[in-house]
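> Take a look at the following structure, please.
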Amino acid sequence: FGSFIPCAHKGEPCTICCRPLRCHEEKTPTCV
């Protein structure tokens, strides 16, 4: 029903990272 999955921006917790970011796991997974 037109639900938009928000993407995670740089420095935000990894869910679905906005392109071209990718998940980087150190202490806490964040998008980089």
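Just so it is clear, glycine is given a Cβ too, placed from its N, Cα and C backbone atoms.
What Swiss-Prot records for this protein is below:
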MOD_RES   Pro6  4-hydroxyproline
DISULFID  Cys7-Cys18  disulfide bond
MOD_RES   Pro13  4-hydroxyproline
DISULFID  Cys14-Cys23  disulfide bond
DISULFID  Cys17-Cys31  disulfide bond
MOD_RES   Pro20  4-hydroxyproline
MOD_RES   Pro29  4-hydroxyproline
> Specify the secondary structure state of Cys31 (disulfide bond) as given by DSSP, simplified to three classes.
strand
> Roughly how many Å lie between the Cα atoms of Cys31 (disulfide bond) and Pro13 (4-hydroxyproline), rounded to a whole value?
6
> Distance check, please: Cα of Pro6 (4-hydroxyproline) against Cα of Cys18 (disulfide bond), rounded to an integer number of angstrom.
8
> Taking the Cβ of Cys18 (disulfide bond) as reference, which residues of that chain separated by at least 6 in sequence fall under 8 Å from it?
Cys7, Ala8, His9, Cys31
> Around Pro6 (4-hydroxyproline), how many other C-beta atoms are within 10 angstroms of its C-beta?
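I get 10 for this one.
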> Cα of Pro20 (4-hydroxyproline) to Cα of Cys14 (disulfide bond): how many Å, rounded?
13
> When the number of other CB atoms within 10 A of each residue's CB is tallied over all shown chains, which of the disulfide-bonded residues Cys7, Cys14, Cys17, Cys23 has the maximum?
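Within the set of disulfide-bonded residues, the most crowded position is Cys17.
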